[in-house]
Amino acid sequence: MTIHIYNTLTRQKEEFIPLEEKKVKMYVCGPTVYNYIHIGNARPPMVFDTVRRYLEHKGYDVQYVSNFTDVDDKLIKAANELGEDVPTIAERFIEAYFEDVTALGCKHATVHPRVTENMDIIIEFIQELVNKGYAYESEGDVYYRTKEFEGYGKLSHQAIEDLRHGARIEVGEKKQDPLDFALWKAAKEGEIFWESPWGKGRPGWHIECSAMARKYLGDSIDIHAGGQDLSFPHHENEIAQSEALTGKPFARYWMHNGYININNEKMSKSLGNFILVHDIIKQYDPQLIRFFMLSVHYRHPINFSEELLQSTNNGLERIKTTYRNLKHRIESSTDLTDHNEKWLAEMKEFQSAFEAAMDDDFNTANAITELYNLANHANQYLLEEHTSKVVIEAYINQLEMLFRILGLVFTKEELLDKEIEALIQKRIEARKNRDFALADKIRDDLKERNIILEDTAQGTRWKRG
């Protein structure tokens, strides 16, 4: 089955056909590193890491680029408030970002370019736009001449005249048209700066991504992604810059994830209801946070609450319990082959359904439903008196593979298994010695730890409740 992606540009699902067979060029807008990220900032890395993982699962070679904006008005403001320089603050929060998203199961991008390390190509990009008549210098600033780009507004599906009607020129801006936007900002006294043909200054936000995407992925890319809030003006402006320069389509597929609400209220710093990732992963397993985020389709908003998180945790633990019980059953399983094909064939259907969900615009919500169905199917098999090692291992491998696609892992608990086996052996010895009080105490202690014993003709079996 082919993959279909909802393209913000066309507002419809389209069959995914990359520019080069089995290769994907993917650019995801990264953070401005002036503070710790909150859970809203963390949704794009988790969502698009999962997209990348699934594409790789399907055999694509994914070139995944995600940038750091390490010089910006917000960084300059933070530096002034803290009495530190911009590079020091940027470095601190880049390190914090990696700690947070790694905990959340995100792989590093193929490249994590920084604005400050690519200033030469950014300045060259701006100069080329000036040379082509798409940009102009004004008292040390450089602005993009929006009216020169015929397709402006095509991503956000807005007419340029409607956009102009709602725009205005702010005090201190030296642009010709309210819709024009800054490509280069002249440095103010005491600000960090770089030398350029227009004097000392630094780049505007939008030009950075256009320049770095072109440097690392070429004139045209397959997927450009980010949060819904970036579609306008950031991504709209990227299209205007890149397509004006190259004359080629910038990105074939535009993907945007939805917002996060906190207790049914939009999350925002002004309301003070945002949750920092480095705080919440101290309270909850980071894998639970990721599983929760993926339990909703990426384009839909998420309502974040402790109640919903706990409910999701219950579901995740059911899957993990099934996995642990399967691991435990391997030792007591045999090489029998009766009914193997039936169970293996049914198991394969769950993988097919999982992949069908992911093929449909990376619908992780429906994919997770199939993960639950697979776990329930495995639980039915575990009720069999005799189980096959081949089938048990197939369940384990399939659960691990589907978890891996979602960026999740099963926690290894071999040591705990050995502890349980040792206690069971101690209970067997107690029963042989007719010390039934000790045997009952061991059984009850294990039950308190959610370990259920079952005495059978073949010996004592155990499972996690």
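A Cβ is built for glycine as well, from the same backbone N, Cα and C atoms used for every other residue.
Annotation for HIS234 (Zn(2+) binding site): same-chain Cβ neighbours under 8 Å, separated by at least 6 residues, are CYS29, TRP205, HIS206, CYS209, GLY226. The annotation Zn(2+) binding site is assigned in Swiss-Prot to CYS29, CYS209, HIS234, GLU238 on the grounds of sequence analysis.
Taken from Swiss-Prot, the feature motif ''HIGH' region' covers 31-41. With a cut-off of 8 Å between Cβ atoms, the residues of this chain six or more beyond the motif ''HIGH' region' (31-41) that come close are 68-70, 72, 74-75, 77-78, 89-90, 93-94, 96-97, 100-101, 205, 227, 259-260, 267, 269, 274-278, 280, 289, 304.
Taking the motif ''KMSKS' region' (266-270) as a whole, pLDDT averages 73 in the prediction. According to Swiss-Prot, the motif ''KMSKS' region' annotation covers 266-270.
Sequence annotations record features per position, and here Swiss-Prot assigns ATP binding site to LYS269.
Under the heading phosphoserine, Swiss-Prot lists SER270.
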(request) Could you check the binding-site residues CYS29, CYS209 and say which one's CB has the fewest neighbouring CB atoms inside 10 Å? (result) CYS29
(request) Please report the number of other Cβ atoms within 10 Å of the Cβ of GLU238 (Zn(2+) binding site). (result) 27
